[in-house]
Structures are given as C-alpha cells and as structure tokens.
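Q: Dumping the structure here so I can ask a few things about it.
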C-alpha cells in the first residue's frame, strides 16, 4: 500500500517540477525583451502578459551602500527595491555605510543694541541730568542743562576736547539707574550691550564719523528735544526694520540701529580646518556685502533728500 502512495507522491512532484520548468521557460520567453529597470523584475500575468513588479527578494550578497535618503542598504538591489516599494526616488550616494551627519542648528542671535535699547538708555541719561538742574536763587546762580553737560564733558574728556566710546561709557556709569539695562539673562552680555548702546548713541550725532563727540555733538546727542531718527537696514533693494533677521549658513544676522550685525560661528564640515577657514571668509564677505548695501541705501537716501 505504502508503495502506491510513494509512487503517487513521486508522480505529483514530477508533474509539479515539469509545470515549474514550463512556467519558467514560458516566463523567460515572454519576458525576454522586457526591461523593467532597477528594483523591478518582469512577471507574467494570468493572461500570459508581461508586467513589471517590485523585486520580491534580492540576493543576499553583502555590499553596503548609502542612499540619498541617508539610509544604509545591504546592496544596490535592496536600495532600488526599497525605492520601488515606497515609490520614492532613491539614488546611491556613496559605497559603504552612511556616515552620521552632524546637525548644524542656526546659532543664537548676536548681542545687539536695538533702537529701543539705545533710546531707553538715552532717556535715562537725560532724566538723570535734568534731575541735577538747579534753578537760579535770589543770591546764587543755579546750573542749567547745558552747564551740567559741560561739567561732565570736561570731567571725562582726556584733554583732546572729544569724548570717545570708553570716555562716554565712564560718564554713563556714574548713574547706576541709567546704565542698568538688563535685556539678557547673563551679566556679561548686558555689559556688552551697554558698550554697544553707547556706540549707538555716539553714532546719532557724530557728524564727521570719527567715533568721537565734540561738545556740540555731545550736546545734540542728549538734547531732550532731539528725536533720534529710525534707521532701517538695506539688503538686495529691500529695506528692513530694526529687529529684522536673516540667516547665512549657521549664522544669524540682525538689523540693529541701521546696521547688520552677525554672529561669527564656524559650521561643521568634512574638512574641519578648511571648512572653518572658508566659512570665516564667506562670513566676512557676507557682512561686508550687507554693509555695502547699507551704505548705498544711505547715499541714495541723502541724494533723494537733497533733490526734494
């Protein structure tokens, strides 16, 4: 009995093998002139027609490649098969495992003195000086606003009849309320902010652009009736208001008191030393370009004002 079952089983195996051979020959014949592309293979439909389907299984040979999607594949076939299955375009970036990419996030904004900071410092200085005004008495002469300014100017001038930024800062530091601008959480940045705002005040009335104030320029800067103009930053034929930001690589530039101020971070790259040098040069050129746009805009504005 068992011999009959064995013979029947062998017969069924033989039939299946013959059919498989026939299907393989038929598939080879039908798909002979069909090209399906990477990640696909030709298959025969129930109607006996050729069609292209995603490869069912790749050969397990190990030759890792890194795809353009940042994923490592066992071999080229697996990469193209994944592209077919997901319907996405994936190319071989390079041979071998994908290297971990260092994420470079934009740096924090640079420490800057905005127009609001500058104007607040100026308001506090004027308030302090006005509090020292002494009206003339019956038998004594008081001190008016100009005389008080003259007194401080002479006290902090080093003898050249000009106040530079360090002398101006020493003058402002005489009043703790005036100098106590605390925009940033740490004292180091707030100290830097004070110096930047002093520079911004000097720029307000520095008519000959020597970064020093004569007494007349000093008087104009702190004149209570003087309204500081709102300056904007220029870039690519556009003007940007105080506080506007733009990014270049991993650095951030901020418009402050009419000037672009940028961070000076170096971005990670494959060649660290070369990447840093290149980035620094690019950053310098970029800031120079920003300032050039600003100078052009200022000249155009002055010409337009004269024509009016």
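Cβ coordinates come from backbone N, Cα and C, glycine included.
From Swiss-Prot, for reference:
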- 31-42: disulfide bond (DISULFID)
- 36-52: disulfide bond (DISULFID)
- 48-100: domain 'Kazal-like' (DOMAIN)
- 54-84: disulfide bond (DISULFID)
- 58-77: disulfide bond (DISULFID)
- 66-98: disulfide bond (DISULFID)
- 144-178: domain 'EF-hand 1' (DOMAIN)
- 165: phosphoserine (MOD_RES)
- 193-228: domain 'EF-hand 2' (DOMAIN)
- 233-287: domain 'VWFC' (DOMAIN)
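Have a look at these and tell me how they're positioned relative to everything else.
A: Residue 31 (disulfide bond) carries neither a helix nor a strand DSSP state and counts as coil. On its own chain, residue 31 (disulfide bond) has 42, 43, 44, 50 as residues at least 6 apart in sequence with a Cβ closer than 8 Å to its own Cβ.
Taken residue by residue with DSSP, residue 52 (disulfide bond) is part of a strand. Annotation for residue 52 (disulfide bond): same-chain Cβ neighbours under 8 Å, separated by at least 6 residues, are 34, 36, 37, 40, 41, 42, 43.
Around residue 54 (disulfide bond), the same-chain residues at least 6 positions away in sequence with a Cβ under 8 Å from its Cβ are 39, 40, 41, 81, 84, 85.
When secondary structure is read from DSSP and collapsed to three states, residue 77 (disulfide bond) falls in the helix class. Its Cβ taken as reference, residue 77 (disulfide bond) is surrounded by 19 other Cβ atoms within 10 Å in the chains shown.
Within its own chain, residue 66 (disulfide bond) has 72, 73, 92, 93, 94, 95, 96, 97, 98, 99 as residues 6 or more apart in sequence whose C-beta sits under 8 angstroms from its own. DSSP classifies residue 66 (disulfide bond) as strand under the three-state reduction.
Mapped onto DSSP classes, the domain 'EF-hand 1' (144-178) shows 23 helix, 1 strand, 11 coil.
For residue 165 (phosphoserine), the same-chain residues that are 6 or more apart in sequence and have a Cβ closer than 8 Å to its Cβ are 195, 198, 199, 202, 211.
Averaged across the domain 'EF-hand 2' (193-228), pLDDT in this predicted model comes to 92.
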Q: If you count Cβ atoms within 10 Å of the Cβ of residue 84 (disulfide bond), leaving out that atom itself, what do you get?
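A: Result for residue 84 (disulfide bond): 20 other Cβ atoms within 10 Å.
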